[in-house]
Every structure is written in C-alpha cells, then in structure tokens.
Amino acid sequence: MTEKTDLKNLTLPALEQFLRGQGKERFRATQVFKWIYQHDARSFQEMTNISKDLRAELEAKAYISNLEPEAVEVGGDGTRKYLFGLEDGNSVESVLIPDEGRNTLCISSQVGCAMGCAFCLTGTFRLTRNLTTAEIVNQIMAVRRDVEIRNIVMMGMGEPLHNLDNVIPAIHIMIDGNGLQLSNRRVTVSTCGLAPEMERLGRELPNVNLAVSLNATTDELRDRIMPINRRYPLKELLSACREFPLPGRRKVTFEYVMLGGLNDTLEDAKRLLRLTSDIPNKVNLIPFNEFQGCEFRSPTRAAIDAFHKYLIDRHVTVITRDSRGSDISAACGQLKGKLDAARQPTE
C-alpha cells in the first residue's frame, strides 16, 4: 500500500507538481493550498469549491496533518508555552510572547539539539530528530487558532540551520501569499553559527532576517560555552555574517547571552564592538536565565546596564531583552525544562 502524502510538507510549487502527477490543473494546487493555510481546513471534505471526485482522489493519496497542544502554560506576564506531542511520542515546545498588536511566536525546528551550548537547557538533551516541514508549520497553525501572530522567530528547540531541508520549505509556506501570508520582514532565523549553512539560507531565502547567537568575544570562551565554535571560529562566523545578503536597511541581530562574571565586562563590550563594527547589526543583550544544575549565573543589574550603556553611547542599536516567561520555563534557553514533569500523569 502506497504511503499517503502529508500536504503540509509541500510548498505550493511542490503541491502543483504533486497534483500534476495526478493529472490535475495547476490552479487546483492554489485552491487546496488556500484551504489548508487560509481556512485551516483539516479535511478535504471542507473544500467546497473542489469537485467531489477530486476530494475523493486526494483522500485516497494524501492527508492534512494537524497539531493540538497537549498543554498550555501561561506566565504572569502573559507569555504562553505550548507543549505539542508528536505522532512518534516525542514533544516540542513553542512560546507565544504577547505584545499589543505584534505577537511573536518562537517555534522549534528539532526535537532536542545537537549543538550542546553549555548555557542552554535544551542543549543538554541530545538531538532526537529533525522536525518535518509540516511539524514546523503546524506549530504556527495551532497557536494562530488562539491569537493573531505577526512575528515568527525560529529560536525554539533545535538549531534551524541544522535542519534546512525542512526549515526552508516551512518558511516558504509562511511567506507565501497563498499560504500563511507572513511578511518576510517578520520572520527571523537564529543560528549558533553554522557558517556554510548561513550561505545556503541567504541564497535560498535572501529576504528573511538572520539572528546569530554570539555570546562571546574570544574563541577561548566561545569554544568552552559553544562547541560549534571549534568548527567555525569567530573569524569564519563573522565573515559569513558579512556575506549574508541583507535586503535594504536590515541588520544582522547578534544575540548575546550575558553570563555573570564570564562575558559581561566592559572589556567584553569593547571587543564586541570591534568584532562587529563593519557589519550592519543590532545587539540583543539577554541576561542568562538560571536553571537547576547549571554552572552559570545571571549577571548583575549593574553589569547589564554598563554593557548596554557602552554600546548605546557608541551608536549601536541595542536592546536588553526582558526575561519573558521565566516563571513557566519558557524564557530563552529554558525550553524543555518542564517537559517531562508536564507529561507525567498525576495520581
């Protein structure tokens, strides 16, 4: 028996090819695509402007996958963490960061992560597998049933550039005018520093935003806290940032997790400025969110303010991120912190 095709794994051109293989006209693909993403159709029977015969054929050869949250935790600041159970028993999390008129959804790209960043709780769990295109898109579809989403950041569980074969089609679906209709200016892909994959991302999706998790200004420290630096050290990473095709006046976002006593001094701020001054950039300072068993600590308020002021005074665009969702383990670096506990049955 032939395995059915999940249509949410297909971009619009791929869906056109799929239906062409069934002898169908090209415009049928656009009809089906719109039903899936603009009407949230979960069955072919809902597609009332398509003939019964075509619906029956689709039913025989394809299906429309779906994700429903197993649990939703709401933080004191309104942040929501969604726990999604996957068909194979694995789980991933997404985080909705509410902001009046411009809600941001942080989505996952992998189950676990292979990068092993020392300050990230998700990184303490080994990579189990990549998410499919459908599983990435379905996180957005599920949360969008609750609230309007304006921004997508691929900063959840996993390293997006380690799964480009599924991430790139998912983003094409996000920004397709017949799909999720998100502006490419509102989609940001984050990486810990896979330099060759940055080149591929820029080539295949030149209009999305790039965020680079930098977190250190010397190879010595970055080697210690981010093992990927041993393969792609700062010089190679920053060269890839310079080559990334930024449209218009957009900038690379450098994410900088501030670790108390390690990378939060004025000397670090000075080195950061020297390293990045020839790259159009903005800096997100992220005070470290402590978790049980971690070896690092949060920076002091004084250290955060001094670092921020040094960069601002030198005309760097810099934002110190609030620790949104930390009370529900939904803050940066905390995903999967309460996953197992959340899934345990209560007596």
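First residue shown is number 1, and so on along the chain.
Including glycine, each Cβ sits where the backbone N, Cα and C put it.
Swiss-Prot has this to say about the protein:
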- GLU93: active site, proton acceptor (ACT_SITE)
- 99-327: domain 'Radical SAM core' (DOMAIN)
- CYS106-CYS332: disulfide bond (DISULFID)
- CYS113, CYS117, CYS120: [4Fe-4S] cluster binding site (BINDING)
- GLY158, GLU159, SER190, SER213, LEU214, ASN215, ASN289: S-adenosyl-L-methionine binding site (BINDING)
- CYS332: active site, S-methylcysteine intermediate (ACT_SITE)
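Features per Swiss-Prot, on structure.
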{"residue": "CYS106", "record": "disulfide bond", "CB count, 10 Å": "26"}
{"residue": "CYS113", "record": "[4Fe-4S] cluster binding site", "CB count, 10 Å": "26"}
{"residue": "CYS117", "record": "[4Fe-4S] cluster binding site", "CB count, 10 Å": "22"}
{"residue": "CYS120", "record": "[4Fe-4S] cluster binding site", "CB count, 10 Å": "27"}
{"residue": "GLU159", "record": "S-adenosyl-L-methionine binding site", "CB count, 10 Å": "27"}
{"residue": "SER190", "record": "S-adenosyl-L-methionine binding site", "CB count, 10 Å": "20"}
{"residue": "SER213", "record": "S-adenosyl-L-methionine binding site", "CB count, 10 Å": "25"}
{"residue": "LEU214", "record": "S-adenosyl-L-methionine binding site", "CB count, 10 Å": "28"}
{"residue": "ASN215", "record": "S-adenosyl-L-methionine binding site", "CB count, 10 Å": "26"}
{"residue": "ASN289", "record": "S-adenosyl-L-methionine binding site", "CB count, 10 Å": "22"}
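CYS117 ([4Fe-4S] cluster binding site) and ASN289 (S-adenosyl-L-methionine binding site) have their C-alpha atoms 14 Å apart, to the nearest angstrom. Across GLY158, GLU159, SER190, SER213, LEU214, ASN215, ASN289, which the record gives as binding S-adenosyl-L-methionine, the greatest C-alpha separation is 19 Å.
Note on the domain 'Radical SAM core' (99-327): its mean pLDDT in the predicted model is 94. Closest by Cα distance to ASN289 (S-adenosyl-L-methionine binding site), from the recorded positions GLU93, CYS106, CYS113, CYS120, is CYS120. Other Cβ atoms within 10 Å of the Cβ of GLY158 (S-adenosyl-L-methionine binding site) number 29 in total over all chains. If you compare Cα positions, SER213 (S-adenosyl-L-methionine binding site) sits closest to CYS120 out of the recorded positions CYS106, CYS113, CYS120. A gap of 11 Å separates the Cα atoms of CYS120 ([4Fe-4S] cluster binding site) and GLY158 (S-adenosyl-L-methionine binding site). Checking each of the recorded positions CYS106, CYS113, GLU159, LEU214 against GLU93 (active site, proton acceptor) by C-alpha distance, the shortest gap belongs to CYS106.
Looking at SER190 (S-adenosyl-L-methionine binding site) and CYS106 (disulfide bond), their Cα atoms lie 11 Å from each other. Cα-Cα distance from GLY158 (S-adenosyl-L-methionine binding site) to CYS113 ([4Fe-4S] cluster binding site): 4 Å (rounded to the nearest whole number). Counted within 10 Å of its Cβ, the other Cβ atoms near the residue listed as 'active site, proton acceptor' come to 27, all protein chains included.
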